[in-house]
Amino acid sequence: MLEESESKEPAMNPFQKNESKETLFSPVSTEEVRPRPLSLPKKPPPKICGSNYPLSIAFIVVNEFCERFSYYGMKAVLTLYFLYFLHWSEDTSTSIYHAFSSLCYFTPILGAAIADSWLGKFKTIIYLSLVYVLGHVVKSLGALPIIGGQMVHTVLSLVGLSLIALGTGGIKPCVAAFGGDQFEEKHAEERTRYFSVFYLSINAGSLISTFITPMLRGDVQCFGEDCYALAFGVPGLLMVIALVVFAMGGKIYRKPPPEGNIVTQVAKCIWFAISNRFNNRSGDIPKRQHWLDWAAEKYPKQLIMDVKALTRVLFLYIPLPMFWALLDQQGSRWTLQATRMNGNLGFFVLQPDQMQVLNPLLVLIFIPLFDLVIYRLVSKCGINFSSLRKMAVGMILASLAFAVAAAVEIKINRMTSLQPGPQEIFLKALNLADDEVKVTVLGDENNTLLEESIRSFQKMPRYAQLHLKTKSQDFHFYLNYHNLSVYTKHSMEEKNWYSLIILEDGKNISSMMVKDEENKTTNGMTAVRFVNTLHKEVNISLGADISLSVGEDYGVSAYTTVHSGEYPVVHCRTEDKDFSLNIGLLDPGTAYLFVIINSTNHDPQAWKMEDIPTNRLSIAWQLPQYALVTAGEVMFSVTGLEFSYSQAPASMKSVLQAAWLLTVAVGNIIVLVVAQFSGLVQWAEFILFSCLLLVVCLIFSIMGHYYVPIKPEDLQEPADKQIPPTQGNMINLETKKTKL
């Protein structure tokens, strides 16, 4: 595809990931680029191995790889950081995540303005990269538990994210265009191949980082918990490398001076037309054919004609934000869904935030698949699969993806333990005596609420549900053991889980009530607690940074979160003895209770019971929704840019880039609003987004039906009538004879 140099219509690069909503935008143009003054070095710039490729592009490609690794690596673990480190709710975590994403797509306009009107692309990249690095440093400091408290962590996180958004968004429109500046016009073919490598580096960076940083977070322990500081610090280090590498090529870059921004000119033209029309609204003044004709007093006719063509395309952009609202939830709502699923695939335990790696991976597979197979088969069937129809089908696929996500969410809810409601408790009995005990639970009026015989060390399959008359109530327990009856009373509060532990003391028995924690497991981790039947305190080491003490004579520890996996040797110590316990395989998402008991001929042993069973639904069930939404992205995003670029004048490509980025920003704002104010359960929210996109797809289809496409040749004006387009940050990256 990249070799079809004679094609006249621009096509999309087959190496693009979900960068289709950002780097696809590195402005592409089919216009003839007029010569412009460049700050050329005194001697020809050095080439790579005697080819026509300038050496400077090597620094730019490495810079882009490291920067994309930095951005996507940091963003992959962001939602879980909000949820489990800052302890925000799922809705707040989702809202802040999408607020950050939205800001990252607003700031490119600011970066473009700085580069085009003031500093130029090189200095803009350098200065904003320094801001970028500072943001990573602040963000990493905010993930260190030893620095301050909750408020300090929150402030550092928000400041760091704001700086990162300014940095990544500010350099976004500059780097690709700056790479295009390095080529002479006679080397257009080499420039096209360079962009193939450029976009490949983008996807390589995002693919690798999305897989690695969740491992740094989950597989490494810092201060006894997930190492978010490392997961943020490594991407920050990659951004430092990106800045250093880019600066190393400073002496060999071609650095065009800033020459103004076409986006600003278009905005001024539109504003002047509106204000001029408003000031001349008298009925005595003759009407004009088009509202933009009111700008004719100040702006050239050709610019007005170009803006007219641009507004026809921008009108079709109005429904587009809803698609991005669905697509960008892969890093928020879908990641939160993955935390409630079983990531154990047998050969590998997949972290919830690692599922995001499916998107760039599937993009690399789907783009050539659609381009070389599916579209050609549809064409041979005689079906007119126009660009607007492809975009509509992409919307439908994304809508179906969220319908599938809703079905998965419903399945998860059915397999998850019920939660006690108002005036309800969940109770489970654990018999540590050496024989069967009959347990009878009586209410305030001596009515029998529960009656059950429990064998010694019997593994209870579930909690029993008891109803209270008030928020707190006393319950009476009768324990029958051999010929002995024991009466005891325990007070319990609503909306809680309790475990009644039956103890043996010689020939007598007693009981104690233990309140279970509401959320024992998070993030696919494993929770464990211990009951010590020995007469001495036991110190238990579950890892380099995880240790706990359990009191003697039926002491009960609090829940401790550990990583899933095999634990054949757990080192334990009493005041006069060292021994080890084999607690076996710990499944992700499961809460375990271990009872340390004496063994006649051996060291103490651990009896194992599941407090909360593992998440039975495999995380692999998310694969269909990822496949559907990625297929929708390929059909919608890549095709949408190809269509809009073919329908707008060459001088307006930069404005299209800005408008497309704004649709992504608005889409993230939609998610923020819904997450904060909908109040829906998760599966219903997925259905809401699915239905909204179907409605938007219908509206878009109607708009597309009445849209009359413009032939590319109709957009070309005679050379003597064309207005020289502004050559700023949005530099043309192609000529007529090349395509991405």
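Keep in mind that glycine also has a Cβ here, set from the backbone N, Cα and C atoms.
Database features, via TrEMBL:
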- 1-39: region 'Disordered' (REGION)
- 69-89: transmembrane segment (TRANSMEM)
- 95-115: transmembrane segment (TRANSMEM)
- 127-148: transmembrane segment (TRANSMEM)
- 154-175: transmembrane segment (TRANSMEM)
- 196-216: transmembrane segment (TRANSMEM)
- 228-248: transmembrane segment (TRANSMEM)
- 309-327: transmembrane segment (TRANSMEM)
- 357-378: transmembrane segment (TRANSMEM)
- 390-408: transmembrane segment (TRANSMEM)
- 655-674: transmembrane segment (TRANSMEM)
- 686-708: transmembrane segment (TRANSMEM)
Top stretch among 127-148, 357-378, 655-674 for CB pairs under 8 A with the transmembrane segment (69-89)?
127-148
If we skip the immediate neighbours and take only residues 6+ beyond the ends of the transmembrane segment (127-148), which ones have a Cβ under 8 Å from one of its Cβ atoms?
67, 70, 74, 81, 85, 111, 114, 119, 154-157, 159-168, 170-171, 222-223, 225, 228-229, 231-233, 235-236, 239-240, 242-243, 246
Grab the same-chain neighbours of the transmembrane segment (228-248) for me: Cβ-Cβ under 8 Å, and only residues 6 or more beyond its ends, written as numbers and ranges.
59-60, 62-67, 69-71, 73-74, 77, 81, 85, 125-126, 129-130, 132-133, 136-137, 139-141, 143-144, 209, 212-214, 216-217, 220, 222
For the transmembrane segment (686-708) and the transmembrane segment (95-115), does the number of C-beta pairs under 8 Å, pairs 6 or more apart in sequence, reach 3 or more?
no
Counting a contact as 3 or more Cβ pairs under 8 Å, with residues at least 6 apart in sequence, do the transmembrane segment (196-216) and the transmembrane segment (357-378) touch?
yes
